[in-house]
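> Here it is, the structure in full.
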Amino acid sequence: MALKLHHTAFNPSMAVTSSGLPRSYHLRSHRVFMASSTIGITSKEIPNAKKPHMPPREAHVQKTHSMPPQKIEIFKSLEGWAEENVLVHLKPVEKCWQPQDFLPDPASEGFMDQVKELRERTKEIPDEYLVVLVGDMITEEALPTYQTMLNTLDGVRDETGASLTSWAIWTRAWTAEENRHGDLLNKYLYLTGRVDMKQIEKTIQYLIGSGMDPRSENNPYLGFIYTSFQERATFISHGNTARLAKDHGDFQLAQVCGIIAADEKRHETAYTKIVEKLFEIDPDGAVLALADMMRKKVSMPAHLMYDGKDDNLFENYSAVAQQIGVYTAKDYADILEHLVNRWKVENLMGLSGEGHKAQDFVCGLAPRIRKLGERAQSLSKPVSLVPFSWIFNKELKV
(Lines of atoms letter the chains of each structure in order from A and count residues from 1; the text may use other names and numbers.)
(Lines give C-alpha, C1' and ligand atoms only; values in the text may rest on other atoms or scores of the structure.)
Protein backbone atom coordinates (compact mmCIF):
# COMPACT_ATOMS: atom_id res chain seq x y z
CA MET A 1 0.00 0.00 0.00
CA ALA A 2 8.81 4.78 -2.79
CA LEU A 3 11.91 3.60 -1.31
CA LYS A 4 12.04 6.52 1.05
CA LEU A 5 12.15 5.67 4.73
CA HIS A 6 14.95 3.82 6.49
CA HIS A 7 14.15 3.22 10.15
CA THR A 8 16.13 1.51 12.86
CA ALA A 9 14.41 -1.59 14.18
CA PHE A 10 12.93 -1.51 17.66
CA ASN A 11 13.97 -3.90 20.42
CA PRO A 12 12.56 -7.37 19.69
CA SER A 13 11.05 -7.44 23.16
CA MET A 14 8.93 -4.36 22.46
CA ALA A 15 5.39 -5.65 22.26
CA VAL A 16 3.00 -4.10 19.77
CA THR A 17 -0.75 -4.02 19.37
CA SER A 18 -3.07 -4.22 16.39
CA SER A 19 -2.60 -0.50 15.91
CA GLY A 20 1.13 -0.96 15.38
CA LEU A 21 1.91 0.86 18.62
CA PRO A 22 3.87 -0.23 21.67
CA ARG A 23 1.52 -1.49 24.35
CA SER A 24 2.55 1.42 26.58
CA TYR A 25 0.77 3.77 24.16
CA HIS A 26 -2.47 2.46 25.56
CA LEU A 27 -1.81 3.98 28.98
CA ARG A 28 -4.75 5.33 30.95
CA SER A 29 -3.25 8.84 30.88
CA HIS A 30 -3.98 8.99 27.15
CA ARG A 31 -7.72 9.02 27.85
CA VAL A 32 -7.77 12.45 29.51
CA PHE A 33 -7.61 14.10 26.11
CA MET A 34 -10.95 12.73 24.91
CA ALA A 35 -13.04 15.67 23.78
CA SER A 36 -14.76 14.71 20.54
CA SER A 37 -18.50 14.19 20.53
CA THR A 38 -18.04 11.52 17.84
CA ILE A 39 -15.96 9.10 19.87
CA GLY A 40 -16.93 5.55 18.90
CA ILE A 41 -17.59 2.69 21.25
CA THR A 42 -14.48 0.60 21.74
CA SER A 43 -14.61 -2.80 20.08
CA LYS A 44 -12.94 -5.94 21.36
CA GLU A 45 -11.33 -8.75 19.43
CA ILE A 46 -11.91 -12.13 21.04
CA PRO A 47 -11.47 -15.71 19.92
CA ASN A 48 -14.76 -17.44 19.12
CA ALA A 49 -14.91 -21.18 19.70
CA LYS A 50 -18.67 -21.59 20.21
CA LYS A 51 -20.20 -21.31 16.75
CA PRO A 52 -18.34 -22.92 13.84
CA HIS A 53 -19.97 -20.62 11.29
CA MET A 54 -18.72 -17.49 13.09
CA PRO A 55 -15.31 -15.94 12.31
CA PRO A 56 -12.58 -17.07 14.72
CA ARG A 57 -11.93 -13.48 15.74
CA GLU A 58 -14.79 -11.01 16.10
CA ALA A 59 -15.08 -7.24 16.39
CA HIS A 60 -17.79 -6.48 18.93
CA VAL A 61 -19.93 -3.44 19.79
CA GLN A 62 -19.54 -1.38 16.64
CA LYS A 63 -20.93 2.11 16.12
CA THR A 64 -22.64 2.91 12.81
CA HIS A 65 -23.71 5.95 10.77
CA SER A 66 -22.14 8.60 13.01
CA MET A 67 -22.03 11.30 10.32
CA PRO A 68 -25.01 13.71 10.44
CA PRO A 69 -27.23 13.04 7.37
CA GLN A 70 -26.94 16.63 6.18
CA LYS A 71 -23.21 16.17 5.62
CA ILE A 72 -23.91 13.63 2.90
CA GLU A 73 -24.62 16.68 0.73
CA ILE A 74 -20.97 17.70 1.10
CA PHE A 75 -19.85 14.57 -0.72
CA LYS A 76 -22.52 14.89 -3.39
CA SER A 77 -21.34 18.45 -4.02
CA LEU A 78 -17.74 17.20 -4.38
CA GLU A 79 -18.53 14.85 -7.29
CA GLY A 80 -17.06 17.17 -9.90
CA TRP A 81 -14.08 18.02 -7.72
CA ALA A 82 -13.34 14.32 -7.17
CA GLU A 83 -13.43 13.67 -10.91
CA GLU A 84 -10.81 16.35 -11.52
CA ASN A 85 -8.65 15.88 -8.42
CA VAL A 86 -8.95 12.24 -7.32
CA LEU A 87 -9.51 10.17 -10.45
CA VAL A 88 -6.38 11.72 -11.99
CA HIS A 89 -4.35 9.56 -9.60
CA LEU A 90 -5.53 6.38 -11.31
CA LYS A 91 -3.55 4.84 -14.17
CA PRO A 92 -5.12 3.43 -17.35
CA VAL A 93 -4.94 -0.36 -17.35
CA GLU A 94 -2.78 -0.40 -20.47
CA LYS A 95 -0.18 1.77 -18.71
CA CYS A 96 -0.12 -0.26 -15.49
CA TRP A 97 2.48 -2.87 -14.68
CA GLN A 98 1.16 -6.40 -14.26
CA PRO A 99 2.47 -9.19 -12.01
CA GLN A 100 3.72 -11.19 -14.97
CA ASP A 101 6.16 -8.38 -15.78
CA PHE A 102 8.22 -9.47 -12.75
CA LEU A 103 7.75 -13.25 -12.75
CA PRO A 104 9.20 -16.18 -14.71
CA ASP A 105 7.31 -16.67 -17.97
CA PRO A 106 5.54 -20.06 -17.93
CA ALA A 107 5.22 -19.95 -21.73
CA SER A 108 8.98 -19.58 -22.14
CA GLU A 109 11.35 -22.49 -22.81
CA GLY A 110 13.55 -21.04 -20.10
CA PHE A 111 10.81 -21.07 -17.46
CA MET A 112 12.41 -23.75 -15.28
CA ASP A 113 15.77 -22.01 -15.42
CA GLN A 114 14.11 -18.74 -14.40
CA VAL A 115 12.47 -20.47 -11.44
CA LYS A 116 15.82 -21.99 -10.42
CA GLU A 117 17.40 -18.54 -10.55
CA LEU A 118 14.61 -17.13 -8.38
CA ARG A 119 15.05 -19.92 -5.84
CA GLU A 120 18.79 -19.39 -5.79
CA ARG A 121 18.31 -15.67 -5.09
CA THR A 122 15.89 -16.28 -2.26
CA LYS A 123 17.43 -19.29 -0.49
CA GLU A 124 19.49 -17.14 1.90
CA ILE A 125 16.77 -14.62 2.76
CA PRO A 126 16.24 -14.75 6.55
CA ASP A 127 13.12 -16.40 7.93
CA GLU A 128 12.21 -13.17 9.73
CA TYR A 129 12.04 -11.33 6.42
CA LEU A 130 9.94 -14.08 4.87
CA VAL A 131 7.41 -13.93 7.71
CA VAL A 132 7.03 -10.18 7.27
CA LEU A 133 6.73 -10.45 3.49
CA VAL A 134 4.10 -13.18 3.88
CA GLY A 135 2.18 -11.03 6.38
CA ASP A 136 2.31 -8.10 3.97
CA MET A 137 1.09 -10.32 1.14
CA ILE A 138 -1.77 -11.72 3.21
CA THR A 139 -2.78 -8.16 4.08
CA GLU A 140 -2.87 -7.29 0.38
CA GLU A 141 -4.84 -10.45 -0.44
CA ALA A 142 -7.69 -9.43 1.87
CA LEU A 143 -8.68 -6.83 -0.71
CA PRO A 144 -12.37 -7.87 -0.85
CA THR A 145 -12.65 -6.69 2.75
CA TYR A 146 -11.23 -3.26 1.94
CA GLN A 147 -13.57 -2.67 -0.99
CA THR A 148 -16.43 -3.75 1.26
CA MET A 149 -15.27 -1.28 3.91
CA LEU A 150 -15.16 1.62 1.44
CA ASN A 151 -18.66 0.72 0.30
CA THR A 152 -19.99 1.06 3.84
CA LEU A 153 -19.24 4.80 3.82
CA ASP A 154 -22.31 7.03 3.62
CA GLY A 155 -22.41 9.42 0.68
CA VAL A 156 -19.62 7.80 -1.33
CA ARG A 157 -20.49 4.10 -1.59
CA ASP A 158 -21.08 2.33 -4.89
CA GLU A 159 -24.87 2.04 -4.72
CA THR A 160 -25.30 -0.33 -7.68
CA GLY A 161 -22.01 -2.18 -8.09
CA ALA A 162 -21.35 -0.33 -11.35
CA SER A 163 -22.22 3.25 -10.41
CA LEU A 164 -20.68 6.04 -12.49
CA THR A 165 -20.25 8.49 -9.63
CA SER A 166 -16.67 9.66 -9.14
CA TRP A 167 -16.52 8.04 -5.71
CA ALA A 168 -17.68 4.65 -7.02
CA ILE A 169 -15.34 4.78 -10.02
CA TRP A 170 -12.45 5.52 -7.67
CA THR A 171 -13.28 2.63 -5.33
CA ARG A 172 -13.50 0.05 -8.10
CA ALA A 173 -10.41 1.27 -9.95
CA TRP A 174 -8.41 1.56 -6.72
CA THR A 175 -9.40 -2.02 -5.91
CA ALA A 176 -8.36 -3.16 -9.38
CA GLU A 177 -4.94 -1.53 -9.03
CA GLU A 178 -4.42 -2.94 -5.54
CA ASN A 179 -5.39 -6.43 -6.71
CA ARG A 180 -2.08 -6.73 -8.56
CA HIS A 181 -0.10 -6.37 -5.32
CA GLY A 182 -1.30 -9.54 -3.63
CA ASP A 183 -1.18 -11.47 -6.90
CA LEU A 184 2.47 -10.58 -7.46
CA LEU A 185 3.69 -11.22 -3.92
CA ASN A 186 1.70 -14.47 -3.70
CA LYS A 187 3.19 -15.90 -6.88
CA TYR A 188 6.70 -14.78 -6.00
CA LEU A 189 6.55 -16.39 -2.56
CA TYR A 190 5.04 -19.56 -4.06
CA LEU A 191 7.97 -19.90 -6.45
CA THR A 192 10.57 -19.57 -3.69
CA GLY A 193 9.53 -22.93 -2.24
CA ARG A 194 10.33 -21.61 1.22
CA VAL A 195 6.84 -20.99 2.57
CA ASP A 196 3.89 -23.22 3.43
CA MET A 197 1.38 -22.10 0.84
CA LYS A 198 -1.53 -24.09 2.29
CA GLN A 199 -1.13 -22.39 5.67
CA ILE A 200 -0.88 -19.03 3.94
CA GLU A 201 -4.01 -19.74 1.91
CA LYS A 202 -5.89 -20.74 5.06
CA THR A 203 -4.79 -17.50 6.72
CA ILE A 204 -6.10 -15.48 3.79
CA GLN A 205 -9.44 -17.28 3.89
CA TYR A 206 -9.75 -16.80 7.65
CA LEU A 207 -8.88 -13.11 7.32
CA ILE A 208 -11.37 -12.33 4.56
CA GLY A 209 -14.02 -14.24 6.49
CA SER A 210 -13.33 -12.23 9.64
CA GLY A 211 -13.40 -8.82 7.94
CA MET A 212 -11.93 -5.79 9.67
CA ASP A 213 -12.97 -3.19 12.22
CA PRO A 214 -11.45 0.21 11.35
CA ARG A 215 -14.11 1.89 13.51
CA SER A 216 -14.97 4.28 10.70
CA GLU A 217 -18.68 4.14 11.59
CA ASN A 218 -19.92 4.45 7.96
CA ASN A 219 -18.47 7.97 8.20
CA PRO A 220 -16.40 9.07 5.17
CA TYR A 221 -14.56 11.63 7.29
CA LEU A 222 -13.23 8.79 9.44
CA GLY A 223 -12.94 6.40 6.50
CA PHE A 224 -10.77 8.67 4.37
CA ILE A 225 -8.57 9.61 7.33
CA TYR A 226 -8.10 5.88 7.90
CA THR A 227 -7.20 5.18 4.26
CA SER A 228 -4.82 8.17 4.17
CA PHE A 229 -3.00 6.72 7.16
CA GLN A 230 -3.02 3.17 5.84
CA GLU A 231 -1.80 3.99 2.34
CA ARG A 232 1.18 5.80 3.83
CA ALA A 233 1.80 2.89 6.20
CA THR A 234 1.85 0.41 3.32
CA PHE A 235 4.06 2.74 1.28
CA ILE A 236 6.56 2.74 4.15
CA SER A 237 6.25 -1.00 4.78
CA HIS A 238 6.75 -2.03 1.15
CA GLY A 239 9.54 0.51 0.78
CA ASN A 240 11.37 -1.02 3.70
CA THR A 241 10.89 -4.59 2.44
CA ALA A 242 12.36 -3.38 -0.86
CA ARG A 243 15.41 -1.98 0.92
CA LEU A 244 15.90 -5.18 2.91
CA ALA A 245 15.48 -7.39 -0.17
CA LYS A 246 18.31 -5.46 -1.77
CA ASP A 247 20.42 -5.91 1.36
CA HIS A 248 19.76 -9.67 1.16
CA GLY A 249 20.85 -9.79 -2.48
CA ASP A 250 17.51 -10.21 -4.26
CA PHE A 251 17.33 -7.18 -6.51
CA GLN A 252 14.31 -8.55 -8.39
CA LEU A 253 12.32 -8.80 -5.15
CA ALA A 254 13.49 -5.31 -4.26
CA GLN A 255 12.03 -4.10 -7.54
CA VAL A 256 8.77 -5.95 -6.82
CA CYS A 257 8.36 -4.35 -3.40
CA GLY A 258 9.43 -0.97 -4.74
CA ILE A 259 6.89 -0.91 -7.57
CA ILE A 260 4.14 -1.80 -5.09
CA ALA A 261 5.31 0.97 -2.76
CA ALA A 262 5.08 3.44 -5.65
CA ASP A 263 1.42 2.50 -6.18
CA GLU A 264 0.71 2.98 -2.48
CA LYS A 265 2.29 6.43 -2.58
CA ARG A 266 0.08 7.45 -5.49
CA HIS A 267 -3.01 6.19 -3.68
CA GLU A 268 -1.95 7.99 -0.51
CA THR A 269 -1.82 11.23 -2.49
CA ALA A 270 -5.43 10.76 -3.62
CA TYR A 271 -6.81 10.00 -0.17
CA THR A 272 -4.91 12.81 1.53
CA LYS A 273 -6.28 15.24 -1.06
CA ILE A 274 -9.82 14.20 -0.14
CA VAL A 275 -9.20 14.87 3.54
CA GLU A 276 -7.41 18.11 2.70
CA LYS A 277 -10.58 19.23 0.90
CA LEU A 278 -12.66 18.33 3.96
CA PHE A 279 -10.37 20.47 6.12
CA GLU A 280 -10.91 23.31 3.65
CA ILE A 281 -14.72 23.22 3.63
CA ASP A 282 -15.44 21.82 7.12
CA PRO A 283 -12.37 22.34 9.32
CA ASP A 284 -14.22 21.73 12.57
CA GLY A 285 -15.74 18.45 11.39
CA ALA A 286 -12.45 17.31 9.90
CA VAL A 287 -10.31 17.98 12.97
CA LEU A 288 -12.87 16.33 15.25
CA ALA A 289 -12.81 13.27 12.99
CA LEU A 290 -9.01 13.18 12.97
CA ALA A 291 -8.86 13.41 16.76
CA ASP A 292 -11.54 10.73 17.06
CA MET A 293 -9.65 8.32 14.83
CA MET A 294 -6.37 8.93 16.64
CA ARG A 295 -7.96 8.45 20.05
CA LYS A 296 -9.32 5.12 18.88
CA LYS A 297 -5.91 4.39 17.35
CA VAL A 298 -5.57 3.27 13.75
CA SER A 299 -5.87 -0.51 13.58
CA MET A 300 -3.97 -2.29 10.85
CA PRO A 301 -6.23 -3.82 8.16
CA ALA A 302 -5.17 -7.39 9.02
CA HIS A 303 -5.64 -7.10 12.77
CA LEU A 304 -8.07 -10.06 12.78
CA MET A 305 -5.45 -12.33 11.17
CA TYR A 306 -5.58 -16.03 12.11
CA ASP A 307 -4.06 -19.21 10.67
CA GLY A 308 -6.06 -21.84 12.56
CA LYS A 309 -3.31 -22.20 15.15
CA ASP A 310 -1.98 -18.95 16.60
CA ASP A 311 -4.50 -16.73 18.40
CA ASN A 312 -1.84 -13.98 18.54
CA LEU A 313 -0.69 -14.27 14.95
CA PHE A 314 -1.05 -10.60 14.06
CA GLU A 315 0.74 -9.45 17.19
CA ASN A 316 3.59 -11.91 16.57
CA TYR A 317 3.91 -10.94 12.90
CA SER A 318 3.89 -7.26 13.89
CA ALA A 319 6.61 -7.86 16.47
CA VAL A 320 8.86 -9.41 13.81
CA ALA A 321 8.12 -6.52 11.44
CA GLN A 322 9.21 -4.16 14.19
CA GLN A 323 12.38 -6.14 14.90
CA ILE A 324 13.63 -5.94 11.33
CA GLY A 325 12.50 -2.34 10.81
CA VAL A 326 9.71 -2.82 8.27
CA TYR A 327 6.96 -1.10 10.25
CA THR A 328 7.52 0.31 13.73
CA ALA A 329 5.90 2.45 16.38
CA LYS A 330 8.17 5.24 15.20
CA ASP A 331 6.65 4.94 11.74
CA TYR A 332 3.19 5.33 13.30
CA ALA A 333 4.24 8.61 14.91
CA ASP A 334 5.96 9.78 11.73
CA ILE A 335 2.83 9.11 9.67
CA LEU A 336 0.66 11.06 12.08
CA GLU A 337 3.10 13.97 12.08
CA HIS A 338 3.27 13.92 8.28
CA LEU A 339 -0.52 14.04 7.93
CA VAL A 340 -0.93 16.78 10.54
CA ASN A 341 1.59 18.87 8.59
CA ARG A 342 0.10 17.93 5.21
CA TRP A 343 -3.35 19.07 6.31
CA LYS A 344 -1.98 22.16 8.10
CA VAL A 345 -3.90 21.23 11.24
CA GLU A 346 -1.86 23.57 13.42
CA ASN A 347 -2.96 26.57 11.32
CA LEU A 348 -6.72 25.93 11.44
CA MET A 349 -8.79 28.96 12.40
CA GLY A 350 -12.39 29.55 13.46
CA LEU A 351 -12.78 26.27 15.31
CA SER A 352 -15.35 25.52 17.99
CA GLY A 353 -14.27 24.85 21.56
CA GLU A 354 -14.31 21.12 20.89
CA GLY A 355 -12.44 21.73 17.65
CA HIS A 356 -9.66 23.61 19.47
CA LYS A 357 -9.31 20.73 21.95
CA ALA A 358 -9.10 18.27 19.07
CA GLN A 359 -6.51 20.47 17.33
CA ASP A 360 -4.33 20.63 20.44
CA PHE A 361 -4.62 16.89 20.93
CA VAL A 362 -3.58 15.79 17.44
CA CYS A 363 -0.81 18.39 17.14
CA GLY A 364 0.80 17.17 20.35
CA LEU A 365 0.24 13.45 19.89
CA ALA A 366 3.18 12.38 17.70
CA PRO A 367 5.87 13.51 20.19
CA ARG A 368 3.99 11.71 22.98
CA ILE A 369 3.87 8.49 20.96
CA ARG A 370 7.61 8.71 20.30
CA LYS A 371 8.36 9.16 23.99
CA LEU A 372 6.18 6.20 24.90
CA GLY A 373 7.90 4.14 22.22
CA GLU A 374 11.34 5.06 23.52
CA ARG A 375 10.25 4.18 27.04
CA ALA A 376 8.90 0.81 25.91
CA GLN A 377 12.08 0.15 23.95
CA SER A 378 14.21 0.75 27.03
CA LEU A 379 12.32 -1.85 29.07
CA SER A 380 13.89 -5.28 29.03
CA LYS A 381 11.33 -8.02 28.53
CA PRO A 382 11.79 -11.77 28.12
CA VAL A 383 12.06 -12.96 24.54
CA SER A 384 10.00 -16.00 23.58
CA LEU A 385 10.26 -18.37 20.64
CA VAL A 386 7.11 -18.51 18.53
CA PRO A 387 6.43 -20.98 15.69
CA PHE A 388 5.07 -19.53 12.44
CA SER A 389 3.01 -21.93 10.36
CA TRP A 390 3.81 -19.89 7.24
CA ILE A 391 7.42 -21.11 7.37
CA PHE A 392 6.68 -24.72 8.36
CA ASN A 393 6.48 -23.96 12.10
CA LYS A 394 10.02 -22.66 12.40
CA GLU A 395 10.43 -20.70 15.60
CA LEU A 396 11.38 -17.02 15.65
CA LYS A 397 12.21 -14.73 18.53
CA VAL A 398 9.33 -12.42 19.41
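Every residue, even glycine, has its Cβ placed from backbone N, Cα and C.
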> Given that Swiss-Prot assigns Glu231, Glu264, His267 to the Fe cation 2 site, pick the one from Glu178, Glu201, Glu217, Glu315 that the record assigns to that site as well.
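Fe cation 2 site check in Swiss-Prot: besides Glu231, Glu264, His267, the record includes Glu178 out of Glu178, Glu201, Glu217, Glu315.
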> From Glu128, Glu140, Glu141, Glu159, grab the residue that Swiss-Prot records in the same Fe cation 1 site as Glu178, His181, Glu264.
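Candidate listed by Swiss-Prot for the same site: Glu140.
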> Cα-Cα separation of Glu264 (Fe cation 1 binding site) and Glu231 (Fe cation 2 binding site), in Å?
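Their Cα atoms are separated by 6 Å.
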> Distance check, please: Cα of Glu178 (Fe cation 1 binding site) against Cα of Glu231 (Fe cation 2 binding site), rounded to an integer number of angstrom.
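Cα-Cα distance, Glu178 (Fe cation 1 binding site) to Glu231 (Fe cation 2 binding site): 11 Å.
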> Please report how many Å separate the Cα atom of Glu140 (Fe cation 1 binding site) from that of His267 (Fe cation 2 binding site), as a whole number.
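Answer for this pair: 14 Å between alpha carbons.
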> How far is it from Glu231 (Fe cation 2 binding site) to His181 (Fe cation 1 binding site), counting Cα to Cα, in Å?
13
> Return only the integer: C-alpha distance in Å from His267 (Fe cation 2 binding site) to His181 (Fe cation 1 binding site).
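Distance (Cα to Cα, whole Å): 13 Å.
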